[in-house]
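Engineer: Shown below is the structure under consideration.
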Amino acid sequence: MKNKIVFAPIGQGGGNIVDTLLGICGDYNALFINTSKKDLDSLKHAKHTYHIPYAEGCGKERKKAVGYAQTYYKQIIAQIMEKFSSCDIVIFVATMAGGTGSGITPPILGLAKQMYPNKHFGFVGVLPKATEDIDEHMNAIACWNDIMRSTNEGKDISIYLLDNNKREKESDINKEFATLFNDFMNMSESHAEGVVDEDEISKLLTMKKSNVILEFDDKEDIQVALAKSLKESIFAEYTTNTCEFMGISTTRVVDVEAIKSIVGYPRRTFKGYNSKKNIVVATGIEPQKTTVQMMNEIIEDKMKQRREVTSKSENMIIEPIALDDEDNKSVISSNEKEISIDNVEKEIDINDFFSKYM
């Protein structure tokens, strides 16, 4: 299954996620795309890279990134689709708050989907922390809207929406997603009691709309363990209690109905066993619009803070000290003569005058 997938991370954040995945398992295909050559050079496991010609980063400017996409879309898509023509599944990866990944990914994904209708496309997107700035949140919302517009509101692709608020460090999100995704792909490893096989993994992987991957500890009550796993998950929260397909791979017999009651009721379930971890993959969930929409509230709060600070800003005009009448009279009645511009160098030592300001 792994050799059927090509990851197309765009920008620094997306590149770091896939670089982490390749560090865990080098069997995946990947083409790293960036406007910054320095970011590409910093990757540890990248075999295939594409630097946007003449670009030196986007400075979190989405419009600039969209401009690069418009100019170089043929080259970008050709690099992915021709170099990895045997791959049936193309997964774009980007952090949504920046410039390069946020701006380039939606149009390239939308175009590639139209150009290659027989391929399956996915998107791994990362939402910003609440502490990030207004522009980052604006970028993330714009990226989400562009992805929704170019993919029939998420109905044409698989989405893995991660939330940086769920962990202190972004690197923790990267490592956890990489581990979860790789465990998902390994569910078909042999077990005497049966496994979730390759065909079933393919069905889970190519199901449209949003997907989540969970792991839970079976040392405590399964519903308690799963509720905890779902609450602490790196994936953006979803509000529906249904999904299309569910994959369950556990180390022992578990109450499947208890899992469904927490994660969501599927149309079809694939059940198997493994010797290492308890994994649940829920696919075909409605995209997490509510979570993304909450960023508008964050933006409003930050703008309100800025307005309050601006309204308290100190007046920059300095009021001069008024002179008393005698001083005023002495200035007015001064007998000193004016100096014309033509004679200034004769009357004033210019070098000495300006030396006081050096």
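Every residue gets a Cβ built from N, Cα and C, even glycine.
Per Swiss-Prot, GDP binding site is recorded for Gln12, Gly13, Gly14, Gly15, Asn16, Thr95, Gly99, Thr100, Gly101, Glu132, Asn164, Glu170, Asn174, and the stated evidence type is a large-scale study or a structure entry. The GTP binding site annotation in Swiss-Prot covers Asn182 and rests on similarity to another entry.
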Engineer: Work out how many Å separate Asn164 (GDP binding site) and Asn182 (GTP binding site) at their Cα atoms, rounded off.
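Structural biologist: With distance taken Cα to Cα, Asn182 (GTP binding site) is 20 Å from Asn164 (GDP binding site).
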Engineer: Let me make sure I understand the structure: which of the binding-site residues listed (Gly14, Gly99, Gly101) has the fewest other Cβ atoms within 10 A of its Cβ?
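Structural biologist: Selected from the binding-site residues Gly14, Gly99, Gly101 on minimum Cβ neighbours within 10 Å: Gly99.
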Engineer: For the GDP binding site, please report the maximum Cα-Cα distance among Gln12, Gly13, Gly14, Gly15, Asn16, Thr95, Gly99, Thr100, Gly101, Glu132, Asn164, Glu170, Asn174 in Å.
Structural biologist: 20
Engineer: In Å, rounded, how far does the Cα of Asn174 (GDP binding site) sit from the Cα of the residue listed as 'GTP binding site'?
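Structural biologist: Checking the Cα atoms of Asn174 (GDP binding site) and the residue listed as 'GTP binding site' gives a distance of 12 Å.
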Engineer: How many other Cβ atoms sit within 10 Å of the Cβ of Gln12 (GDP binding site)?
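Structural biologist: There are 23 of them.
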Engineer: Taking the Cβ of Asn174 (GDP binding site) as the centre, how many other Cβ atoms fall within a 10 Å radius?
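Structural biologist: Excluding its own Cβ, the number within 10 Å is 24.
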Engineer: Compile a sequence-ordered list of residues in the same chain as the residue listed as 'GTP binding site', six or more apart from it, whose Cβ lies below 8 A from its Cβ; state 'none' when nothing qualifies.
Structural biologist: Leu21, Ile24, Cys25
